[in-house]
Amino acid sequence: MSGTQDLLIDVKARRAMRKHSARRFFACIGGCILLLCAVFGYLRTSYDGSKAEIHLSLGSKSPYPQTDLENNTVPLNMQLVQVQYILRHGARYPTLGTMEDISEVYELLRDNVPHSWIKDELVTPSNAALLVERGRQQTVEIAERMAQRYPSLIPKSGMRKDAIRFVSSDFQRTVATANEFRHVFDSANQSAPVTIIPLESDTTIAMRFTCPRWTMAKALVQADISQEQSTFDKLYGKEIRKHISYKLGISSAILDVNAIQTIYAMCGYDMSLYGEHNHWCSLFNERIAALLELRGDIRYSRVYGSNGANINNHIACSLFTEIMWEAERALRDTNRAVSIFRFGHAETIMFVSNLLKLDQTLGSVEPPIAGNMSFDDSLRRGFRSSKLIPFSSNLGIELYKGPSAQGFFRLLLNERVVRLPGCHKDTCPLSDLRRLLATDVGCDYSQMCQT
């Protein structure tokens, strides 16, 4: 009897061991599946952040490009007389309108993304359009490089107080940028305080607020923008929605292209405000980011660029009248030269670019920016907001006097030398700039802007 009992006990023990082994086997399989899912999910929404920082085109929300002091030498046998710069403010919080768009995306995707991706300060109305710490720091770095580039211009004890001027439009972000820049460039506090131009009389920096003709043109171009973006959405929308929904693991029906355009802007804010590459930016590859930049540039090129109303090509005439007047005066008497740093906005840079025809220098102007533009053509276009107007973008004119007292100039975009159309050297006669601006310098701004 005892042998039979021992046999039964042994059988039961083996059955128990088999059940335990089976449970362990299925638990192991389940764990492997969960691990694979986690790895797959990570791979789906992650990428090499260092590559993204270099290659993702993020339009006007792009961080300022890495730069150095290239072309820092004064041209041979020439004397640096003056510099005049137009600088966009540093990185800022979204505007109120963009905050509303971001809030809508947060509500749609709050349960589909990590909590760390949701940043309440980006939707706090009291923060709207204010300069942020990284924008301030970027300004400091640019000012330090320019102090190295132009040591002879740094205000020193005994210099004229008006030898250098800092001028700003009347916005917190531009005034804060100007003050930060002045504090670094003029650490001895020898120059006059920043001059702030009242908004209602600003014809040189925030000129869109004093030009009724431009305001009317902006309204008239909206239908064309909608039509071209609709064409773009039909051509590229399915690809974009499929890519982003796959990355998020959601139905492609949840997000339309407008919402994805907002997510694209959120990626720009992540990069420019926080240096964060692996949150919203993890949803994009180079192609999708470049396509969304094109979609945004359909609007920029019409509201502010040369693809829009003719007023866009001339609205900076008052600014360049002032710039050329200061340059001519400096050449007549170098001891009275005044270098000027003007602090403005993305549209200030775009309006200046139109007048100088920089899109012809930076790339192709044919075919014009449109919704049915091929991807290859879009990469060749001269008007690309990520290249032209990242946060802290700047455009400078260096004025030189040659051995025969002839004036020369050198143009820099984001601290890199660029050549104007028809200018075959880095440094060209000032007469070339006069010819290019002949119909704009001396304009009657008030008459031009009448409706």
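Using the three backbone atoms N, Cα and C, a Cβ is placed for every residue, glycine included.
As written in TrEMBL, here are the features:
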DISULFID  Cys267-Cys281  disulfide bond
DISULFID  Cys423-Cys428  disulfide bond
TRANSMEM  24-43  transmembrane segment
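Separating the Cα atoms of Cys423 (disulfide bond) and Cys267 (disulfide bond) is a whole-number distance of 37 Å. Most Cβ neighbours within 10 Å, among the disulfide-bonded residues Cys267, Cys281, Cys423, Cys428: Cys267 holds that distinction in the structure as shown. Look at Cys423 (disulfide bond): DSSP puts it in coil. Secondary structure at Cys428 (disulfide bond), taken from DSSP and collapsed to helix, strand or coil, is strand.
Across the fold, the C-alpha of Cys267 (disulfide bond) and the C-alpha of Cys428 (disulfide bond) stand 39 Å from each other.
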